[in-house]
Amino acid sequence: MSHEKNEASGYPEAQSWKSQEAMLGARTEVSRWRAVKNCLYRHLVKVLGEDWIFLLLLGALMALVSWAMDFIGSRGLRFYKYLFALVEGNIGLQYLVWVCYPLALILFSSLFCQIVSPQAVGSGIPELKTIIRGAVLHEYLTLRTFVAKTVGLTVALSAGFPLGKEGPFVHIASICATLLNQLLCFISGRREEPYYLRADILTVGCALGISCCFGTPLAGVLFSIEVTCSHFGVRSYWRGFLGGAFSAFIFRVLSVWVKDTVTLTALFKTNFRGDIPFDLQEMPAFAIIGIASGFFGALFVYLNRQIIVFMRKKNFVTKILKKQRLIYPAVVTFVLATLRFPPGVGQFFGAGLMPRETINSLFDNYTWTKTIDPRGLGNSAQWFIPHLNIFIVMALYFVMHFWMAALAVTMPVPCGAFVPVFNLGAVLGRFVGELMALLFPDGLVSNGNLYHILPGEYAVIGAAAMTGAVTHAVSTAVICFELTGQISHVLPMMVAVILANMVAQGLQPSLYDSIIQIKKLPYLPELSWSSANKYNIQVGDIMVRDVTSIASTSTYGDLLHVLRQTKLKFFPFVDTPDTNTLLGSIDRTEVEGLLQRRISAYRRQPAAAAEADEEGRNGETGASFTGEAESSFAYIDQEDAEGQQREGLEAVKVQTEDPRPPSPVPAEEPTQTSGIYQKKQKGTGQVASRFEEMLTLEEIYRWEQREKNVVVNFETCRIDQSPFQLVEGTSLQKTHTLFSLLGLDRAYVTSMGKLVGVVALAEIQAAIEGSYQKGFRLPPPLASFRDVKHARNSGRTATSNSSGK
């Protein structure tokens, strides 16, 4: 019947079939698009996880940041000179502009870093060295530090002071590498890399920082290896070169785009002769530059350290400077700006030149001792002072900028020492070159050929040698020939740099290692070949035997006691205190989390409700107790506001954040409970107030004591089941190698699976450096005891063997 009805009615049935087919087709089309979309998304996620995508993104980003920083800094210096020229003729206004402009910028940079991220102050390379070696330094690789470092460094460079960009920019590049890696991990859904891959990422970031700072991709990789790593993975070579080359290319292209340069050239382009760049007779002069640079580089590190140590001493001046953080940079800026005032004392040592202008003038092809009219020399004319010898001007520049640079880099702003030291080395080399040109005015004759002396070549070699002496790196020679485009001078550069390193390493540590020692950062000293007595030391001689551990049978009270007594970040996890078999390692935060989940106001809610049900309290009793409890809580909260420390979980927080000893108030007093303070501190009182009011203070105290006696269930926390282990007989040399390669900060010492001690960076450092008494280095006492015992045993063995024969 219905079929006939459909036939009589015409097309409704066909129309319904068409609509169903259309809907089915639409669904099919949507499913196809979804499949294509999912495929593209998976492909995109896979591509974003590739190393080369990460390197290209990081290289482009760092090139853009470096170019923007240079662009803003150059415009700031140009505006500085414009203001100074605007008030020409009025000495008072000129002095005011010359001093106030850098003063405002330095104070802004210092204040901005102090507010946003104090970790942004300084170079950043010493901290990176310790992070790459396995130490954990908080807030050094965060977005806040990146913002503070970038803004502070840009503003500080605009002041025209002897401050460098290289160190802070290496830190900036490492932060960018870390943040970009986290972003790509989040997008692609993969977990963050373990330590050894994170170290590779930081190393690549350091290489990119050097590459796009100077436009030197080869030197960027080599310098990052020398300065930041004790061991470098070969797998990271191509990453460093790819990212460095791409970032340097983008950095130079951006300079051409804004018409700062005509084409892709070296940053400090030179035009020395290329057919025969130097003569063999000049090698002694190059060697003298290297040796002198070694002495002056060590002196620079020593002077810088003495300034920092003096500022850290407790006296009246340092107390004022610590309370008012802006006084020190203000005083230093005022003194340096006053001494560098061009119409004043600054006119006698070329203080009117900015850092880049100074380098360009020192690298020119002119011989200043032969110049009669300096007006055609451009910026080099600043070195010519009427009635004053050019050698005196260069000597004054070297002496004044030597201590000025050592003082300026101690200011609490993002700054490095590479460029100031580079300038000092260039002046030293130029001084020797001009002296050679004066001694041999007609040049040097060799095999019938005449070679003219170019002092600019000596300046380049001096710059490489001085920076190598301060940083203890040989790759500064590669930086210099990439900066200047003069690869033909590699041999004399290498000779001078190696000699400078030999002298400087025998006198002082590098500038970065010196800062590490001053800041007492965790680091691992190098184990030199000459330390033969160190190879007789074993782990059993230097390990800490009194180890605080957590057993699988521990109670919550035991955990609280452990957190109170120690400030360790990790605890060894053993089966029982008697057998002491090592099962793993537990993070301190995991232990705190266990206590927090067990002894807290939220945990008391069901306990209070259950106890109320068991005792059958009525509303009248509860209401009468409520007012009583509120008054008691108000009194205890008032005591807590006065800063008294509480037992329980509050003691955990106090011991974690403040290492002071616990309060001498007896723990038996009911008011000394942690849950009450947690109610005020964490804001849980509003949620749990109805249940809390059902318990008296004595009941809360008894409940907490009962909970502390409960055995901990460690299944709810993360335990590292494979902590690094050593045996007592492991040599110090092998331990040092393992710590360096794997970036360890501690290792547990076991014997047949039993925990017998722990060795950390501090013990290895003390063993390598040793203790000094009247010039003699003493080995650890246990090592001497073991050697004597070994000698006795060997003597007995020899006696028995001889008697057997």
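Any Cβ shown, glycine's included, is placed from N, Cα and C.
For 543-601, the entry in Swiss-Prot reads domain 'CBS 1', with the evidence type sequence analysis.
In the three-state DSSP assignment, the secondary structure recorded for Asn365 (N-linked glycosylation site) is coil. Residue density at Asn365 (N-linked glycosylation site): 12 other Cβ atoms are found within 10 A of its Cβ, drawing on all protein chains shown. Swiss-Prot lists Asn365 with the feature N-linked glycosylation site.
What Swiss-Prot records for 125-132 (among others) is intramembrane segment, and it gives similarity to another entry as the kind of evidence.
Tertiary neighbourhood of the intramembrane segment (201-213): same-chain residues 55, 58-59, 62-63, 66-67, 125, 128, 131-132, 165-166, 169-178, 181, 193, 219-221, 223-225, 227-229, 232, 236, 239-240, 243-245, 247-248, 250-251, 479, selected by CB-CB distance under 8 Å and a gap of 6+ residues from either end. Taken from Swiss-Prot, the feature intramembrane segment covers 201-213 (among others).
For 217-225 (among others), the entry in Swiss-Prot reads intramembrane segment. Tertiary neighbourhood of the intramembrane segment (217-225): same-chain residues 170, 203, 206-211, 232, 237, 240-241, 244-245, 247-248, 473, 475-476, 478-479, 482, selected by CB-CB distance under 8 Å and a gap of 6+ residues from either end.
What Swiss-Prot records for 456-470 (among others) is intramembrane segment, and it gives similarity to another entry as the kind of evidence.
For the intramembrane segment (473-484), the residues of the chain that approach it from at least six positions outside its boundaries are 210, 214-219, 222-223, 225-227, 266-270, 363, 460-461, 463-465, 467, 490, 493-494, 496-498, 501, 510, judged by C-beta separation under 8 angstroms. Annotation source Swiss-Prot lists intramembrane segment at 473-484 (among others).
Annotation comment: Swiss-Prot describes 485-489 (among others) as intramembrane segment, evidence class similarity to another entry. Only residues 6 or more beyond the boundaries of the intramembrane segment (485-489), in the same chain, are considered here, and those with a CB under 8 A from a CB of the stretch are 265-266, 269-270, 272, 274, 277-278, 457, 460-461.
Annotation source Swiss-Prot lists region 'Disordered' at 606-625 (among others).
Under the heading region 'Disordered', Swiss-Prot lists 653-684 (among others).
Look at Swiss-Prot and you will find 416-420 tagged as motif 'Selectivity filter part_3', backed by similarity to another entry. Secondary structure of the motif 'Selectivity filter part_3' (416-420) per DSSP, as helix, strand and coil residue counts: 3 helix, 1 strand, 1 coil.
For 1-48 (among others), the entry in Swiss-Prot reads topological domain 'Cytoplasmic'.
Annotation source Swiss-Prot lists topological domain 'Cytoplasmic' at 508-805 (among others). Confidence for the topological domain 'Cytoplasmic' (508-805), expressed as mean pLDDT, is 65.
The transmembrane segment annotation in Swiss-Prot covers 49-86 (among others).
Taken from Swiss-Prot, the feature transmembrane segment covers 93-116 (among others), and the record attributes it to similarity to another entry. Non-local neighbours of the transmembrane segment (93-116) in the same chain are 76, 80, 83-84, 86-87, 144, 147-149, 151-153, 155-156, 158-161, 325-326, 329-330, 333-334, 337-338, 340-344, 411-414; each lies 6+ residues outside the stretch with a CB under 8 Å from one of its CB atoms.
For 141-159 (among others), the entry in Swiss-Prot reads transmembrane segment, with the evidence type similarity to another entry. Beyond the ends of the transmembrane segment (141-159), by six or more residues, the same chain brings 65, 68-69, 72-73, 76-77, 80, 101-102, 105-106, 108-110, 112-113, 116-117, 119-121, 124, 131, 165, 168-169, 171-172, 174-176, 178-179, 333, 413-415 to within a C-beta distance below 8 angstroms of the stretch.
Beyond the motif 'Selectivity filter part_3' (416-420), the same-chain residues lying 6 or more positions past its ends with a Cβ under 8 Å from any Cβ of the stretch are 123, 125, 162-169, 300, 304, 355, 401, 405, 408-409, 467, 470-471, 511.
For the transmembrane segment (237-256), the neighbouring stretch richest in Cβ pairs under 8 Å, chosen from 49-86, 166-184, 283-311, is 49-86.
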